[in-house]
Structure formats: C-alpha cells, structure tokens
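Single-structure report; data block below.
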Amino acid sequence: MVDKIKIENGCLVVTDNPIITYIEGDGVGQDIWKNAKLVFDAAVEKVFNGRKRVSWEEALAGKKSFDSMGSWLPEDTLTSIADNLVAIKGPLETPVGGGIRSLNVALRQELDLYACVRPVRYFNGIESPLKHPEQTDITIFRENTEDIYAGIEWEAGSDDVQKVIRFLQDEMGVSKIRFPETSSIGIKPISQEGSQRLIRSAIEYALENNLTKVTLVHKGNIQKFTEGGFRKWGYELAKAEYANELESGKLVINDIIADNFLQQILLNPDKFDVVALTNLNGDYASDALAAQVGGIGISPGANINYITGHAIFEATHGTAPDIAGQDKANPCSFLLSGCMMFDYIGWGEVADLIRSAIGKTFSQGCFTADLAKTTPYFTTSEFSKKLIENL
Ligand code: NAI
C-alpha cells in the first residue's frame with residue numbers, strides 16, 4: 001500500500017511502499033538525481049524482490065522551481081515534506097541579493113531540523129591527506145538552530161549597535177568592549193533545551209549503532225555559560241536519562257575543547273565515535289573531517305528533527321556550476337545521503353548494499369573526475385551503472 005511515513009510514540013512507521021519527497025536540485029543536482037534514483041530503486045529491488053518499493057514524490061525548489069513557478073521555495077514543497085516526513089534533496093542555487101534567504105536555511109528553520117548529522121568514514125582507494133585515513137569513522141551531530149546562526153547582530157556605527165553598547169555599559173556594567181565606537185555586536189544564544197535535544201539524539205544514535213563514546217565538543221573554557229552550558233547540560237542529561245548505560249559501560253560520555261578536537265581528529269581520530277557540537281564549531285569540524293576522508297564530493301548529510309520525525313537528507317556540496325550538465329559530478333555524497341535515509345526508515349539492508357557497492361566500485365579503480373588520479377575517469381552515469389552492477 002502506498003502510504004505516508006508516520007511517527008507514533010517516537011517511532012517511525014514505514015509501510016512497504018512509503019512516499020518520499022525528492023527535490024532534484026539545481027546544477028549538478030540534475031545530473032546526479034536521475035542516476036541516483038536508478039541506484040536506489042535497483043538496491044531496493046535487490047533487497048526486497050518487489051515486496052517493497054519507494055514512491056518518489058517530486059517537490060520543486062531552487063532555480064528549477066523559480067523558472068517554472070516563479071517561486072524559489074513554493075508552499076507546496078514545504079507541505080510535501082511536512083506531510084511525508086522524509087525527503088531527499090540535491091543542492092539548491094540560492095539567488096545572490098534580492099533579499100532571498102538561503103533556501104537550505106529556510107527549509108531547516110521551517111521544519112525545526114535541529115540536528116545536522118554527518119557520518120564521516122573513509123573508503124579505500126580515495127586520496128586523503130592522512131597516513132591512516134581508515135582510522136576516521138566519526139558521526140557528527142551539529143546543533144542546527146542556535147548559536148551565532150540565530151543571526152542576531154548589529155553593525156558598527158549604526159544607532160542600534162550604539163543602543164546595545166550603551167545598554168551593556170550602563171545597565172550591565174560591561175567595561176570590556178575595547179573599541180565601543182567602532183564595534184559590531186553579535187549575540188550567541190545557547191539553551192539547555194536546544195543543547196539537550198541535540199545531545200540526546202547523539203546518544204540515542206550511539207546506542208542504536210553499538211557505539212560507545214559520545215564526545216561533547218565545546219569552547220567552554222572561554223565561553224563559560226554558552227559553550228560551557230552545552231557541556232554541563234550534556235553531562236546532566238546523560239546522568240539523568242542514561243545512568244544504566246553509563247554504569248554498564250555501554251555508553252561513555254566525555255568532552256573536549258574545540259581547538260584540541262581539531263588537533264585530535266588529525267592525530268588520533270580513532271578516539272571518537274559520535275561527537276556533539278554547537279553550531280559554529282560543528283560547521284568548522286564538518287568540513288575539516290570531510291577533507292580527511294576525501295572531501296565534500298563523498299560526504300553525506302542529513303538535517304533531522306528526531307521528535308517530529310521530519311528529516312531531509314542531502315548532498316553536502318553545492319550546485320557545482322563549473323561542471324553542471326556535463327555528466328561529470330560525483331554522485332556519492334548524494335548516494336550516501338540516500339543510505340542514511342534508508343537507515344533512518346529502517347531499510348538498513350538497502351543502505352548497506354549501496355555502501356558496499358560504492359566501496360567495491362572504488363576498489364575496482366572506478367572514479368569520477370574529481371577523485372580519479374589518472375584519466376580516463378567515469379562519468380556520473382557510467383559510475384552509477386557500474387555501481388548497479390556491483391550491487
Ligand atoms: P560547490 O560545492 O558547488 O563547488 C565547489 C567545488 O567543488 C567546485 O569546483 C565543484 O566543481 C566541486 N564539486 C562540488 N560538488 C561536486 C561533485 N558532486 N562532484 C565533483 N565535484 C564537485 O560550491 P560553490 O561553488 O561555493 O557553490 C555553488 C552554488 O551552490 C551556490 O549557488 C551555493 O549557494 C550553492 N550551494 C548549495 C548548497 C546546498 O544546497 N546544500 C551547499 C553549498 C552551496
């Protein structure tokens with residue numbers, strides 16, 4: 001029966017024929033989606049032999065949407081994802097100027113997708129700057145709704161910033177603004193609720209995947225109440241809700257200062273299983289970790305609200321205008337995001353099949369142009385065809 005995915009008592013209910021929203025994306029999104037869909041459908045068919053199948057429902061966003069409907073992000077698209085819970089999307093072009101906010105940010109905010117999840121693992125044969133890139137197998141949980149991304153800022157020289165500075169000096173006794181006449185001011189909100197829902201998701205993920213260590217990454221030595229709060233609330237949550245798991249050793253919670261973390265992922269990446277970070281630290285760490293295993297062309301990602309069940313799985317790269325329409329893009333970031341999606345809906349066998357086929361295809365020396373050390377390289381469609389053979 002074709003049906004919407006639902007959430008009941010905190011668990012997803014997925015029928016044999018679930019509807020999943022897809023947004024093709026702009027630029028290389030169009031090269032990638034048509035091939036990725038073939039891989040997804042072939043893997044589902046291989047695992048379930050016709051018993052299960054995805055019903056893909058297209059929703060428009062980005063340039064494709066603007067060209068056909070005059071809107072960068074139509075209301076119908078939000079409704080489709082809100083109703084179907086699960087979506088997968090290609091990269092979107094955000095128009096520069098004209099007051100249009102980033103479409104990706106808009107989607108995350110509308111659906112309160114508070115956890116940005118990025119598993120970072122190495123595939124044999126991919127070039128990496130590390131001697132032992134295979135030691136990197138870390139899942140990042142980055143808080144997605146707070147921190148400096150709240151966008152609360154006042155520009156130097158404006159009346160507003162002067163008002164804020166006067167308030168800080170006169171009412172709050174702040175005397176440490178070094179150059180009050182020429183300072184811009186930004187606000188960094190970090191809450192107990194926001195931190196704990198993210199850290200709870202990271203712990204649940206670790207337990208479900210038999211991973212022991214959850215590391216809280218923060219800058220609490222300097223920002224005692226915001227970053228320090230994230231750390232403190234993390235430990236409090238673990239103690240209150242996971243006492244048995246902590247006692248049995250099934251779960252270990254520890255923490256590390258963000259700058260040391262960026263050192264340790266290079267020196268001792270095997271120290272980490274799941275890491276939970278505030279928004280800005282998570283931003284830096286995601287790209288650094290992606291680079292360790294071969295770059296954004298193969299890094300998957302998802303933005304998830306584990307409470308409502310809403311989730312958007314997406315490639316982490318952009319529309320790559322320089323290679324768009326040339327059948328040249330690497331589809332792996334998108335495909336691996338699809339694997340995360342299949343894991344999320346409980347079809348882990350499909351995810352495993354695609355992941356091992358990607359590993360096998362790389363080990364046969366088949367790479368798209370971005371990863372090929374020598375020419376000739378595989379086009380997007382040739383690579384995807386090879387992948388299907390390897391399923
Ligand atoms: P980009 O990720 O599109 O491109 C950066 C470089 O990486 C380019 O050289 C490109 O050819 C290469 N590249 C990216 N994806 C690749 C793939 N799958 N295979 C092979 N090579 C790949 O970043 P850029 O140029 O900063 O952004 C271009 C557009 O994409 C902008 O409009 C931006 O707003 C948008 N964008 C959208 C994102 C999203 O929807 N999630 C994320 C990042 C950027």
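Including glycine, each Cβ sits where the backbone N, Cα and C put it.
According to TrEMBL, the D-threo-isocitrate binding site annotation covers S102, N104, R108, R118, R142. Taken from TrEMBL, the feature Mg(2+) binding site applies to D283. Residues annotated as NADP(+) binding site in TrEMBL: N330, K373. TrEMBL lists 19-387 with the feature domain 'Isopropylmalate dehydrogenase-like'. Residues or ranges marked as phosphoserine by TrEMBL: S102. Annotation source TrEMBL lists N6-acetyllysine at K131. Annotation comment: TrEMBL describes Y149, K219 as site 'Critical for catalysis'.
With a cut-off of under 6 Å between the Cβ and any atom of ligand 1, the recorded positions N104, R108, R118, K131 reduce to N104. Ranked by Cα separation from R108 (D-threo-isocitrate binding site), the recorded positions Y149, D283, K373 are led by Y149.
With R142 (D-threo-isocitrate binding site) as the anchor, the candidate recorded positions are Y149, D283, N330, K373, and the one with the nearest CA is D283.
Comparing Cα positions, S102 (D-threo-isocitrate binding site) lies closest to D283 out of the recorded positions K131, K219, D283, N330, K373. Note on proximity: of the recorded positions N104, K131, D283, N330, the one nearest K219 (site 'Critical for catalysis') is D283, by Cα distance.
D283 (Mg(2+) binding site) is 22 Å away from N330 (NADP(+) binding site) when you measure Cα to Cα. Listed binding-site residues near K131 (N6-acetyllysine): none (candidates N104, R118, K373; Cα-Cα distance within 10 Å). Largest Cα to Cα distance within the recorded D-threo-isocitrate binders S102, N104, R108, R118, R142: about 20 Å as a whole number. Neighbour density around each Cβ, counted as other Cβ atoms within 10 Å, peaks among the binding-site residues S102, N104, N330 at N330. Within the same chain, the residues at least 6 positions away from K373 (NADP(+) binding site) whose Cβ sits under 8 Å from its Cβ are E127, F367, listed in sequence order.
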